[in-house]
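Down below is the structure, laid out as structure tokens.
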Amino acid sequence: MVTDPVPSESLSYDRPLKLIAHPVRHLRGTARVPGDKSLSHRAIMLSALAVGKSFISGLLEGEDVLATAAAMRALGATVTRVGAGAWEVHGVGVGGLATPVQALDMGNSGTSTRLLMGLLASHDLTATFVGDASLTRRPMARIIDPITLIGASVSAREGRFLPLTLVGTPEPLPIDYSPAVASAQVKSAVLLAGLNTPGTTIVREKVATRDHTERLLTAMGADLRVDRDGESGAGRIIRLAGHAELNPITLSVPGDISSAAFPVVAAAALPGSDILIEGVGVNPLRSGIVDALIAMGSDIRLENMQTLSGEPVADIRVRGGKLHAIDGVPGDPSRMIDEFPVLFVAAACAHGTSRFTGLAELRVKESDRLSAMAHALAQAGIRVEELEDGLVIHGCGGLVPGGGHVDPRLDHRIAMSGAILGLLAERPVHVDDATPIATSFPDFATVMGALGADIELTGPHSPEPSASRAVFLNGQNND
Ligand code: S3P
């Protein structure tokens, strides 16, 4: 095995300041997207709690996950990059984390912050969390409430925002908790606290959210039980026995469906497209975007289904065609909570008026995604109405006019949705700040380029503008 002495924090990306997405006729080809972000965070965190050495391949080396890796190191685990996407973690055992000497810098990452707050709540240590301007605006009360019941105390900036200092408890209490919002982060925070707590910690979800924490804990030997709950069976009761001992794991992280959603939507909306995204995680609690696009008339298939490290994985085949509007998405919105920005782009190209409601949570993501996308779509010439909890989008029934500027507001998914908008437009779309893309999909422009997209990166850190244009025409005329 190659030992790469480069500490993760110094992995550097080409960080162009701006992006221009040019119209394209269709996308064709086969590609892979980087590892799943949710699973990558959990793989690092949980293997840092195992007794012994874990090996992770396919890890997403985006800035959010690197923030988690750096934090676990600061808390005493040995986390080493041994090759591209290949990481070794020597865990300290459940309960073995130590007080970090410096503040934990969580960057843009809500998942790192919230899961770690839960994990540290049941440790006898003190830790300070800081983050960027986006993270500093995101609500932390949803985590502070349950971890206070467990016995931790938190002093946070007014309004219960970052920066905050958490004092964990040496005598944590097991709680029986029903989160007020459908949130895998809240559920996971409570479960992670439960690992170092005596007795049984219980989380009751009204609607099931992504269950990567449960799957991984089970694979690592934790005593965890999941029962269906509620009249419709949509809810879950998760019981975790405390003072767990976790076995080290060899884990292969599948591609992130939240990243795959960008080429998938672009291909779905461009007749003549035919793409295959290989090795994508298609956990049923994450794959709502596929169902939503099928409901819009798209030809999408999951091929080569298999199970990899306890998670369902498939190749996603998309053939482009005409999309029609939808009134809401099939199933619960939490199954595709991160894919709404790019689904709104699909709705902008669809024939008819789409209406999406019940999405107030989108206002507290990396940005206010309802407001950010309403502005982005309007800039590109689309008629859109912003509701308190959703958007009404009057689709163009084909290419959108385009030509505007998108302000991503420090939000990677708004930046990439803006780029997809430009591919599906009559005139190029400018994304005013491309830097947030590195948090989850550092090689976005290259992957899109390999499928035929024409995405131009400009700025002080990019190559010459002409050379940076990620254009692979696949022998096609993309005029
Ligand atoms: C995540 C859960 C979701 C999602 C986020 C990742 C996770 O957040 O939006 O990108 O890994 O648990 P919520 O728990 O706030 O819905």
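Residue 1 is the first one shown; counting continues down the chain.
Note: Cβ is positioned from N, Cα and C throughout, glycine not excepted.
Some features that TrEMBL has for this protein:
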- 24-447: domain 'Enolpyruvate transferase' (DOMAIN)
- K37, G110, R138, Q185, R369, R413: phosphoenolpyruvate binding site (BINDING)
- K37, S38, R42, S183, Q185, D338, K365: 3-phosphoshikimate binding site (BINDING)
- D338: active site, proton acceptor (ACT_SITE)
- 459-479: region 'Disordered' (REGION)
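Location within the structure of each feature annotated in TrEMBL.
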| residue | record | DSSP (3 states) |
| --- | --- | --- |
| K37 | phosphoenolpyruvate binding site | helix |
| R42 | 3-phosphoshikimate binding site | helix |
| G110 | phosphoenolpyruvate binding site | helix |
| S183 | 3-phosphoshikimate binding site | coil |
| D338 | 3-phosphoshikimate binding site | helix |
| K365 | 3-phosphoshikimate binding site | coil |
| R413 | phosphoenolpyruvate binding site | helix |
Residue with minimal Cβ packing [other Cβ atoms within 10 Å] among the binding-site residues R42, R138, R369: R138
Spatial neighbours of D338 (3-phosphoshikimate binding site) that are distant in sequence (at least 6 apart) but have CB under 8 A: S258, A261, K365, R413
Residues among the binding-site residues K37, R42, R138, Q185, D338, R413 that border ligand 1 - Cβ under 6 angstroms, in sequence order: Q185, D338
Of K37, K365, R413 (the binding-site residues), the residue whose Cβ has the fewest other Cβ atoms within 10 Å: K365
Maximal Cα-Cα distance (Å) across residues annotated as binding phosphoenolpyruvate, namely K37, G110, R138, Q185, R369, R413: 19
Local confidence of the prediction over the domain 'Enolpyruvate transferase' (24-447), expressed as mean pLDDT: 98
Around the Cβ of G110 (phosphoenolpyruvate binding site), the count of other Cβ atoms that are within 10 Å: 21
Cα distance (Å, whole number) from S183 (3-phosphoshikimate binding site) to K37 (phosphoenolpyruvate binding site): 16
Cβ atoms near S38 (3-phosphoshikimate binding site) (within 10 Å, other residues, all chains): 26
Intrachain C-beta neighbours of Q185 (phosphoenolpyruvate binding site), sequence separation six or more, cut-off 8 angstroms: G110, T111, R114, L115, R142, I143
Protein Cβ atoms within 10 Å of S183 (3-phosphoshikimate binding site), excluding its own: 19
Rounded Cα separation (Å) that holds between S38 (3-phosphoshikimate binding site) and R138 (phosphoenolpyruvate binding site): 18
Alpha-carbon distance [R138 (phosphoenolpyruvate binding site); R42 (3-phosphoshikimate binding site)] in Å: 20
Cα separation, S183 (3-phosphoshikimate binding site) to R369 (phosphoenolpyruvate binding site) (Å, whole number): 17
